[in-house]
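Marked as domain 'EngA-type G 1' by Swiss-Prot: 3-167. Annotation source Swiss-Prot lists GTP 1 binding site at 9-16, 56-60, 119-122. Under the heading domain 'EngA-type G 2', Swiss-Prot lists 188-363. Per Swiss-Prot, GTP 2 binding site is recorded for 194-201, 241-245, 306-309. Positions annotated as domain 'KH-like' by Swiss-Prot: 364-448.
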Amino acid sequence: MSFTLAIIGRPNVGKSTLFNRLVGQKLALVDDAPGVTRDRREGEGRLGDLNFTLIDTAGLDEGPKGSLTARMQEQTETAIELADALLFVFDARAGLTPNDRAFADFARRANKPVVLVANKSEGKSGEIGAMESYALGLGDPVQISAEHGEGMGELYDALRPLLPEPVEDEEDDEPADQSEEAIATRPIRVAIVGRPNAGKSTFINRLLGEERLLTSPEAGTTRDSIAVEVEWKGRDFRVFDTAGLRRRSRIEEKLEKLSVADALRAVRFAEVVVLMMDAQNRFEEQDLRIADLVEREGRALVIAVNKWDLIERQGGQIAQLRTDADHWLPQIKGVPIVATSGMLGEGVDRLMQAIQDAYAVWNRRVPTAALNRWFEQAISQNPPPAVSGRRLKLNYVTQTKARPPSFVVFCSRADAVPESYLRYLVNSLRGAFDLPGTPVRITLREKANPFAHKRKRKS
């Protein structure tokens, strides 16, 4: 049975640093500015033999009803409701503040086990601040330094009585090379990217049926890459909502730079990337840059044109979108395009099906016999050109891997094959085997000539 811990506390006391420490990887943004964590984030935490689900929350600042700050508070309250126990973190160096005391009252009202965590306890000032916390009436403080990993043993001792007995990790015996059946059943990792305020979080909330991610008219509401689990028609998906990707020249704040880097990491971690565009401002320069990044990273691509409900004359526009996509994105011809409305919930099923189809294409292996037939036909219809009076010879092709589909063509002079002919092979192969929206890699490799040495000796 899963045990859930929520890390709570006022802003900038080190909650995300502790989250990263326990999850074992840098999933949450960490910065000196208060309010860096806006959404609640979840991860699988481990401390010794203790395994648990960990929730990182926004700090509870009071704000006007309906404001972004107030909705951050609602997210935190929801996380507390979901948790089995609370890690109440305060800054021992700063000592107790009125907000900490108000927060302690809030934690007590939750009627759940509370572990009081005195973070930043290094040095004499940290020791004094930790002693002050007895006034909160929440028991002995656990003194730690999340940044340096100090006090984890003491935190283990405090958590051990709260958690059920540890069980053996059954995943250790899983083979490294997964079968086709495993690929067909494991969760598909999906990153939803796009320019700020394209409606990414609104769409995921519609998919989940709850306001899991903060949404706001102001661009840049999502700062972290938020991972959520989704089940659709019996298939599991792990969906990452990311910070909007802007042009680097417009990224001014350090925090926004961290957010963009976080989004780029999500793209690299994903298997399928959904590029979400605003229907009223589509195929702008930054959209094309993002699509190019996805192709270079070798990920399957699906384009979601969101806020489609705001388009008045929709007839024929999808066909025009496909034409525009092939024009602007020739390196990923045939990319699937789905019109959606996160606000109205339209296009959800179509997009999820497109993601699943794109994942299948990304994993595709072409049968050897069919690949050989295509290769012979392709070079017969359009033979490689002559270079310096000598015709290039392409010998044979083989698929080296999937994810994305990658091939090697063995030939006589690899460095002499024009880029235009390589593009011809890629587009021909993509069309022959129905590989839309996924990068197709063809590498040229010279085949050793066993008679070259003999000819040299004879001459």
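One is the number of the first residue shown, and numbering goes on along the chain from there.
Keep in mind that glycine also has a Cβ here, set from the backbone N, Cα and C atoms.
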Rounded inter-Cα distance in Å - G194 (GTP 2 binding site), T57 (GTP 1 binding site): 24
C-beta crowding around N12 (GTP 1 binding site), within 10 angstroms: 18
Distance from W308 (GTP 2 binding site) back to K15 (GTP 1 binding site), taken between C-alpha atoms, in Å: 38
Between K200 (GTP 2 binding site) and G9 (GTP 1 binding site): CA-CA distance (Å): 28
CB contacts for G194 (GTP 2 binding site) [other CB atoms within 10 A, all chains]: 25
T57 (GTP 1 binding site), number of other Cβ atoms within 10 Å: 27
Model confidence over the domain 'KH-like' (364-448), averaged pLDDT: 90
Rounded Cα separation (Å) that holds between K200 (GTP 2 binding site) and T57 (GTP 1 binding site): 20
Alpha-carbon spacing, W308 (GTP 2 binding site) to N12 (GTP 1 binding site), which is rounded to whole Å: 39
Local backbone state of T57 (GTP 1 binding site), from DSSP in three classes: coil
